[in-house]
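Here is the structure we will look at.
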Amino acid sequence: MFRPRIIHRYLLREMIGPFFISLGVFTFMLLIAKIMELTDLVVSRGVGLDVVGRLLLYTLPYFFVFTIPMATLLGVLLAFLRMSGDMEVVALKAAGVSPYAFLPPVAVLAICAWLVTSALAFWGLPWGNHRFENLVFQVAKAQTDLALKERVFMDTFPGMVIYISRLPGQGQMTDLFIVDEREKGRHHTIVAKRGKIFPANNDRLILRLYDGTIHSVGQNLRSAQTAAFVTYDIAVDASTLSAAHQRTTKHEKEMYFGELLAEMDKLPADSMQHYLIEMEMHKKFSVPFACLVMALIGLPLGMHSRGGRSWGVAIALVVFLGYYLMLSAAWSFGKTGDYPPIVGMWAPNLLLGALAVELFRREVKEKPLAILDVLGGLPVIIQRLLGAKLADRGAER
């Protein structure tokens, strides 16, 4: 006779390893994607690695809120896939152990994941988002060239239109075209091969141009002058640029739960901003709750399937992709007020939760649904499709 506590400890040990490995792998993948996104700040803009490191640190709560539920699914799924493959599940059932005995250790893992994700959603996520946005604005304010764009006619500075072909970084510019209408009665058109922008004082910037020409025309078009220059300085007003980098309000994703409640009370009940804030509030509950749903759906999938780890990863990706697509669709429709935000934010959990309960009930009665075989066969189908495609390419060569 097996003792429940021994079985529970054994199952928990089996799940913890895949859980942390999955958590590390998926978080690392998201970090790599973010690093690639921030590479331009280092290479082209000269932002220090310490700043990039802080930006990555501030994105971790956001990543963990989504990777922890997925790691929970994979932790349960891979553990029971391994046990099913080694016939341990069959042996336990033959020894009189009910599938319900598998629920306590799964619940322990799911509840721990839910608590951590809830803490991140309520406190870590607003902290990280707010710090991230503040740091981005500080960098943008310190490096004025971040407000400039390549191959776009910009009216960033009052009375001027600027076109820049390329921004190599460090405030450098190449192939500039400038229309300056700040002088009353005169219209200046400036073309320069190179340029550089740097701060002066009292909210002023210096736009230093090299190797260009100035074409000036009077308002009545009776006088015109053209002059070439080696170096030419233009002083521009940066007060509007500085104002653009002043953060006066928080985005709803930067607000703590109490701040969301206070902000929602100020808004009309039928406004889009009211819907967005209400959805953000429900999201703080619904996404962490997905840990419980993912664990519950991973249990029957792992007990039923006979595939290896690659099978389990493929099935987990399909399940989580379905959840994420439903959540994204619910957010898109819910922010317009087409249906109550609570419905949109909780519908994915309710649908997957109902599916998980039904799958487990059928597995207990040893009457699995056809969907289990479909999900279990997806990796084989994908492998065959990829193999056929590679074979066709080989034949063409």
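Every residue, even glycine, has its Cβ placed from backbone N, Cα and C.
Not measured: the values here are computed from a predicted model.
Residues annotated as transmembrane segment in TrEMBL: 12-35, 55-81, 102-125, 285-303, 310-333, 339-360.
Between the transmembrane segment (102-125) and the stretches 12-35, 55-81, 285-303, 310-333, 339-360, Cβ pairs under 8 Å are most numerous for 285-303. Here the transmembrane segment (55-81) touches the transmembrane segment (310-333). Their Cβ atoms form 3 or more pairs under 8 Å, with each pair 6 or more residues apart.
Sequence-remote contacts of a segment are chain residues at least 6 beyond its ends whose Cβ falls under 8 Å from one of its Cβ atoms, and for the transmembrane segment (285-303) they are 65-66, 68-70, 72-81, 83-84, 89, 99, 102-103, 106-107, 109-111, 113-115, 117-118, 120-121, 312, 315-316, 319-320, 323, 327, 345-346, 348-349, 352-353, 355-357, 359-360, 362-363, 368, 372, 375-376.
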